[in-house]
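Colleague: Can you read through this structure? Questions will come right after.
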Amino acid sequence: LTEEQKQDIREAFDLFDTDGSGTIDAKELKVAMRALGFEPKKEEIKKMIADIDKDGSGTIDFEEFLQMMTAKMGERDSREEIMKAFRLFDDDETGKISFKNLKRVAKELGENMTDEELQEMIDEADRDGDGEVNEEEFFRIMKKTSLF
């Protein structure tokens, strides 16, 4: 994290530690995360507190908050990188990677792949059976293969 990002996280933490206790509870955490551009669900908040709140106090101190947000921001960065890669494939901007898109990229990269191999790649990632790979399917397969 940059110093600026750390400062942003500190400011969000202080802003939502409304009673100045040095800790934030579940309700305060939800508001703090929204301020940083996340839309956490109630279950996510509960899980985050449970994962971080080692002493069982039901609240999070700044160090715990910083660790959690650092991980979250890393996730967001890798998602942005994956979406950039997606857009390189989706040159016709349909929001999906077609067989034709994949074939073009393979050719540009000098990969000698058969049509069957390319189709297998599409089939592996294609969850909804429409014969193409949408953003979510692409994200999922990239995460699954640990390329990001």
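In case you wondered, yes, glycine gets a Cβ from its N, Cα and C as well.
Pulled the feature table from Swiss-Prot, pasting it below:
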type	residues	note
BINDING	ASP17, ASP19, SER21, THR23, GLU28	Ca(2+) 1 binding site
BINDING	ASP53, ASP55, SER57, THR59, GLU64	Ca(2+) 2 binding site
BINDING	ASP126, ASP128, ASP130, GLU132, GLU137	Ca(2+) 3 binding site
DOMAIN	4-39	domain 'EF-hand 1'
DOMAIN	40-75	domain 'EF-hand 2'
DOMAIN	77-112	domain 'EF-hand 3'
DOMAIN	113-148	domain 'EF-hand 4'
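Situate these features within the shown structure.
Modeller: Here SER21 (Ca(2+) 1 binding site) comes close to THR59: these same-chain residues lie at least six apart in sequence, with C-beta atoms under 8 angstroms from its C-beta.
When secondary structure is read from DSSP and collapsed to three states, SER57 (Ca(2+) 2 binding site) falls in the coil class. Long-range Cβ proximity for SER57 (Ca(2+) 2 binding site), meaning a same-chain Cβ under 8 A and a gap of 6 or more residues, is found for THR23.
A sphere of 10 angstroms centred on the C-beta of ASP128 (Ca(2+) 3 binding site) encloses 10 other C-beta atoms.
For the domain 'EF-hand 1' (4-39), the list of distant contacts is 45-46, 48-49, 57-62, 65-66, 69, 72-73: same-chain residues at least six beyond its ends, Cβ to Cβ under 8 Å.
Same-chain residues lying 6 or more positions outside the domain 'EF-hand 2' (40-75) and placing a CB less than 8 Å from one of its CB atoms are 1, 5-6, 9-10, 13, 21-26, 29-30, 32-34.
Using DSSP to sort the residues of the domain 'EF-hand 3' (77-112) gives these counts of helix, strand and coil: 23 helix, 2 strand, 11 coil.
When Cβ-Cβ distances below 8 Å are used as the criterion, the domain 'EF-hand 4' (113-148) is approached by residues 78-79, 81-83, 85-86, 89, 94-99, 102-103, 106 of the same chain, each at least six residues removed from its ends.
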Colleague: Identify all same-chain residues not among ASP126, ASP128, ASP130, GLU132, GLU137 whose C-beta atom falls within 8 angstroms of the centroid of the Ca(2+) 3 site's C-beta atoms; report them in sequence order.
Modeller: LYS96, ILE122, ALA125, ARG127, GLY129, GLY131, VAL133, ASN134
Colleague: For the domain 'EF-hand 1' (4-39), give the DSSP counts of helix residues, strand residues and coil residues.
Modeller: 23 helix, 2 strand, 11 coil
